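Colleague: Structure incoming, see below.
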């Protein structure tokens with residue numbers, strides 16, 4: 001059991017700014033890996049040499065170096081509304097799960113974080129779909145000229161529900177994600193053979209990488225199906241009620257040979273952790289005594 005209390009060393013605006021800046025920079029640094037992952041998930045690289053480097057090189061040669069950051073501006077823009085919704089939802093869920101003595105169990109804390117992440121992802125889901133469309137399209141012959149143009153075009157040509165195609169996979173994928181988070185955090189003290197509140201900076205960094213690797217690997221089949229449903233022409237290829245236990249099973253090969261997802265997950269965790277720690281140092285803060293609860297993240301690390 002843990003006691004939940006508000007950390008008053010940073011205001012809400014300062015926390016949002018730190019998370020937004022760290023998230024935007026981490027997404028920008030790892031955008032080429034995200035592009036390679038999405039292209040592999042939707043099947044664009046089928047028949048070509050696979051792997052993040054081969055995919056990135058092919059996109060560079062065909063569309064230019066700027067193409068490696070396709071969709072990154074949308075991913076960065078959605079960080080701030082997503083963070084606002086997630087923080088607000090997390091506080092509400094924590095209050096719901098906290099007992100009369102102000103205590104909250106580890107499982108309840110993980111569930112609160114997962115549910116808050118799901119809420120924020122669903123609210124901002126159209127921007128995630130648009131990011132996928134921008135990544136898949138050819139920059140030299142674009143179908144969408146930006147966020148607003150893509151939103152308007154998809155709404156007019158495919159209808160409002162098309163902006164939420166594949167959102168059901170977000171809910172389904174949260175289940176293995178939460179299970180992976182609980183599995184990792186329940187065994188941290190056994191792994192390090194010591195109490196959690198005495199973990200050093202390198203140990204916390206390793207914990208972030210381990211949790212990201214396990215949770216993203218478990219939820220990766222659902223992420224793959226979601227990306228396929230988000231891609232152009234998905235309305236003719238998939239139905240939203242065809243969620244994918246069978247489809248995901250036939251595509252489990254993506255988990256085996258998509259090692260770039262493991263690299264990407266760890267780089268997101270590493271960069272975000274280091275940048276947040278830098279902003280905390282810039283604010284002259286001492287290391288927090290509380291342990292952050294894991295939240296359900298999309299491919300953007302949210």
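Each residue, glycine too, has its Cβ placed from N, Cα and C.
Curation does not apply to TrEMBL; its annotations are automatic.
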Colleague: Of the ranges 262-279, 280-297, which one does TrEMBL list as transmembrane segment?
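Modeller: Based on what TrEMBL states, transmembrane segment spans 262-279.
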Colleague: Treating G and I as helix alongside H, and B as strand alongside E, what does DSSP give for the repeat 'Solcar' (14-96) in helix, strand and coil?
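Modeller: Counts, helix then strand then coil: 69 helix, 0 strand, 14 coil.
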Colleague: Average the per-residue pLDDT over the repeat 'Solcar' (14-96) and send me the rounded value.
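Modeller: Mean pLDDT across the repeat 'Solcar' (14-96) comes out at 84.
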